[in-house]
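J.: Below: one structure in structure tokens.
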Amino acid sequence: MQKSYGVALESPTGSGKTIMALKSALQYSSERKLKVLYLVRTNSQEEQVIKELRSLSSTMKIRAIPMQGRVNMCILYRMVDDLHEINAESLAKFCNMKKREVMAGNEAACPYFNFKIRSDETKRFLFDELPTAEEFYDYGERNNVCPYESMKAALPDADIVIAPYAYFLNRSVAEKFLSHWGVSRNQIVIILDEAHNLPDIGRSIGSFRISVESLNRADREAQAYGDPELSQKIHVSDLIEMIRSALQSMVSERCGKGDVRIRFQEFMEYMRIMNKRSEREIRSLLNYLYLFGEYVENEKEKVGKVPFSYCSSVASRIIAFSDQDEEKYAAILSPEDGGYMQAACLDPSGILEVLKESKTIHMSGTLDPFDFYSDITGFEIPFKKIGEIFPPENRYIAYYDGVSSKYDTLDEKELDRMATVIEDIILKVKKNTIVYFPSYSLMDRVENRVSFEHMKEYRGIDQKELYSMLKKFRRDHGTIFAVSGGRLSEGINFPGNELEMIILAGLPFPRPDAINRSLFDYYERKYGKGWEYSVVYPTAIKIRQEIGRLIRSAEDTGACVILDKRAGQFRKFIPDMKKTSDPASDIYNFFISAQAREKYGA
């Protein structure tokens, strides 16, 4: 930290990365009058940080805030509006409007914006109890005080803030946040939790899409606000229909069965040809559509709604789409969800550049090979790798070559074989198990072929239901079906015997879709490593992340089997992986041996 703007550490699950980083960063920053920002991807990761801070608070004074955006922390917004899309700017306008009304004497405009925001009682709860964001939201509901404004008011006194990546990597939001905190970027130390996700996070923040569904919402909005003329004989709804027809025609003519990469200018070409108008005329209409959206926002603001407009969102995105960089972005056209076009970010280093203005600590159990991480994120910093620290005999990892999840061989017989192997293992070994599938589709097809009871992380499961399922799993034991790279792949702790076995029902290769093909081409052009950077390394990271769920202490034992004949190629990333011809018996015998060692000390 003293020699570089950042450091990177790979260390196994359970080795104490979080508490080490927290204590080091807090000590380093306190000596230099700096602050600490801990960035997380999920609520479960935030909860783990809060848990570690609570343990540290017995030996050092810690003032922490679990900061999140208004979308998650505004009680009033959830009560008065039900938008499918929202942005930070619109919600900030809504909030400021309500605050002005309260200060003008209309306390009913927002019953949560009151003197309690700055009260000693609220601040004591925040700094003494060290609540999670969810716990502080509940506190706000119970006590009729705004959680977001209370956090903002307490920010200047905070030593450390825990926040989502997306919150800080949004430049406009970050600048306001830092201003409220009273610090500049060079006055903070940033801890990047589960940093192997940083490339995907950067790409996600840098990407956007225009869908038929968003156009339908814009159309309904136009009808609700008078559908005025934008130009001679062209109403708002007419322009939206022009856009929708062009998008649907492109999807119909270009996509076939799946998504395709197009040129960014192709959409504008379709618009010109189908509507017999010049690009200049179309851009002028889009500018008028944006202005109409601003009118809608003002009208919503007058009646106390969130000033967000689907029309202005569509207009700004289409203009941005047409002007996008063909080198670092890919224009993707997809028939999914009714059809959409997407500007997919291929190079996240520009999005992540702002992090270099602060000291950074990059932590993960899977940063190696670091050249891959460094190339993609743009961070050329010192890297240290800590090897396995727990007894090797406590872990069994193998792959079974009797099945494969390869798409062109995955027929009904192969699915039957995979289901039979999974069922044999579950019924013979009888341990708490998560079965990870490469996709929801494969999970559904295998699930129909097994007879044992199990729980399931289905597509779109909400946080409350996920936590309820995990609580039942920990209490009653059993089996969960989940998806690789999903919410149960990382960031959730399973100490002791809460999780003893993992089955990877196929390798979690990236989907061979247009985005991943574009990533392959980009990395091949830039580094000559298209296959490694777009397929091999991301797959190896997912496998290692899932294996990392098993062992968290020297007393834990766990087994993992990969049901895919292609898994042998990943031995260089998992040196202790064996090959098995009878996974059920081999795993059963492993646990029998582990029990004998525990009983007799052998």
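The backbone N, Cα and C atoms fix where each Cβ goes, glycine too.
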J.: Given 105-108, 193-196, 217-220, 365-368, which one carries Swiss-Prot's motif 'DEAH box' label?
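T.: Swiss-Prot lists motif 'DEAH box' for residues 193-196.
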J.: Do you know offhand how many angstrom separate Thr13 (ATP binding site) and Arg566 (ssDNA binding site) by C-alpha?
T.: 26
J.: Looking only at the motif 'DEAH box' (193-196), what are its DSSP counts of helix, strand and coil residues?
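T.: DSSP composition of the motif 'DEAH box' (193-196): 2 helix, 0 strand, 2 coil.
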J.: Over the span of the domain 'Helicase ATP-binding' (1-247), how high is the average pLDDT in this prediction?
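T.: The average pLDDT of the model in the domain 'Helicase ATP-binding' (1-247) works out to 92.
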J.: For Pro12 (ATP binding site), what is the tally of other C-beta atoms lying within 10 angstroms of its C-beta?
T.: 19
J.: Find the one among the binding-site residues Pro12, Gly16, Thr18, Cys74, Cys146 whose C-alpha lies closest to that of Trp531 (ssDNA binding site).
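T.: Among Pro12, Gly16, Thr18, Cys74, Cys146, Pro12.
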J.: Can you give me the Cα-Cα distance between Gly16 (ATP binding site) and Cys146 ([4Fe-4S] cluster binding site) in Å, rounded to a whole number?
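T.: Cα of Gly16 (ATP binding site) to Cα of Cys146 ([4Fe-4S] cluster binding site) measures 34 Å after rounding.
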